Amino acid sequence: MVALHTLLLTAFAAVSLANPIPAPELEARQIINANDLENGVCKPVVLIFARGSTELGNMGAIAGMPTCNALKLALGSQNVACQGVGGAYTASLIPNFLPANTNQASIREATGVFEMAHTRCPNSQIVAGGYSQGSAVMDNTIQDLPDVIKNKVKGVVLFGFTRNLQDLGRIPNYPKEQTKVICAVGDLVCVGTLIITPAHLTYTLNAPEAAQFLASMVSV
């Protein structure tokens, strides 16, 4: 486990150094939070997203905010509210090595966001997504939601699904046809390892695909 942890940290550092973010792009990525639910905004569709390990904000820049923006483009911004999972979900590296590929505090935090959507926006349809460790957070959370909430979750997208092998490409106790797993060629976390390759950082490219899937699962 220590060797894997070291390899994961080294890989993150190597990829970051090899691909420095230009200043204009870095500026654009400052918008990495979405708190519509917390701010009391209810719209026909609510997207709940859990970011990947080490990402800043509560949505992250690689898959979370791009998916939120693409879904707003697909359905109209007036129809989509976005909420990231923050708080106790700190997106730190160590929980990846636990049996659930995340920790219980993160799962409880995400569960609370789904409960918030259910109580504050009872007429909204819920869609969800997660990237990297965030995909494990969503997997573990959604499978144990009470049916009254789970039945409102119309679709889920999982990018770089760290439990893809363990859970056979699906979320247990949730309809497979309502789940889209997006795994890039060469992303080794999708085949049961925690080795980070450059492919694991490419999911911004898949945000439109993910948004189209989620849009097809709801009616507005």
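Even glycines carry a Cβ here, placed using N, Cα and C.
Just so it is clear, the model here is predicted, and its values are computed rather than measured.
The annotation signal peptide is assigned in Swiss-Prot to 1-18 on the grounds of sequence analysis.
The disulfide bond feature in Swiss-Prot is assigned to Cys42-Cys121 (among others). For Cys121 (disulfide bond), the same-chain residues that are 6 or more apart in sequence and have a Cβ closer than 8 Å to its Cβ are Leu37, Cys42, Lys43, Val46, Ala81.
Its Cβ placed at the centre, Ser53 (site 'Transition state stabilizer') has 23 other Cβ atoms within 10 Å. When secondary structure is read from DSSP and collapsed to three states, Ser53 (site 'Transition state stabilizer') falls in the coil class. Annotation comment: Swiss-Prot describes Ser53 (among others) as site 'Transition state stabilizer'.
Around the Cβ of Cys68 (disulfide bond), the same chain contributes Ala34, Leu47, Phe49, Met59, Val80, Cys82, each under 8 angstroms and 6 or more positions distant in sequence. Taken from Swiss-Prot, the feature disulfide bond applies to Cys68-Cys82 (among others), supported by similarity to another entry.
Positions annotated as active site, nucleophile by Swiss-Prot, on the basis of similarity to another entry: Ser132. Taking a C-beta cut-off of under 8 angstroms and a sequence separation of 6 or more, Ser132 (active site, nucleophile) has the following same-chain neighbours: Arg51, Gly52, Ser53, Phe159, Gly160, Thr162, Val189, His200.
The site 'Transition state stabilizer' annotation in Swiss-Prot covers Gln133 (among others), and the record cites similarity to another entry as its basis. Within the same chain, residues at least six positions away from Gln133 (site 'Transition state stabilizer') with a Cβ under 8 Å of its Cβ are Ala50, Gly52, Ser53, Ala91, Pro95, Asn96, Asn101, Thr102, Ser106, Thr162.
Residues or ranges marked as disulfide bond in Swiss-Prot (evidence: similarity to another entry): Cys183-Cys190 (among others). Listed in sequence order, Gly160, Phe161, Asn164, Cys190 are the same-chain residues at least 6 apart in sequence whose CB falls under 8 Å from the CB of Cys183 (disulfide bond).
Taking all protein chains in view, 25 other C-beta atoms sit within 10 angstroms of the C-beta of Asp187 (active site). A coil conformation is recorded for Asp187 (active site) in the three-state DSSP classification, outside any helix or strand. Residues annotated as active site in Swiss-Prot, with similarity to another entry given as evidence: Asp187.
His200 (active site, proton donor/acceptor): 25 other CB atoms within 10 A of its CB, across all protein chains. In the three-state DSSP reading, His200 (active site, proton donor/acceptor) counts as helix. According to Swiss-Prot, the feature active site, proton donor/acceptor maps to His200.
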Neighbour tally for Cys190 (disulfide bond), based on other Cβ positions within 10 Å of its Cβ:
24
For Cys82 (disulfide bond), list the number of other Cβ atoms lying within 10 Å of its Cβ atom.
28
Three-state secondary structure, which DSSP defines for Cys82 (disulfide bond):
strand
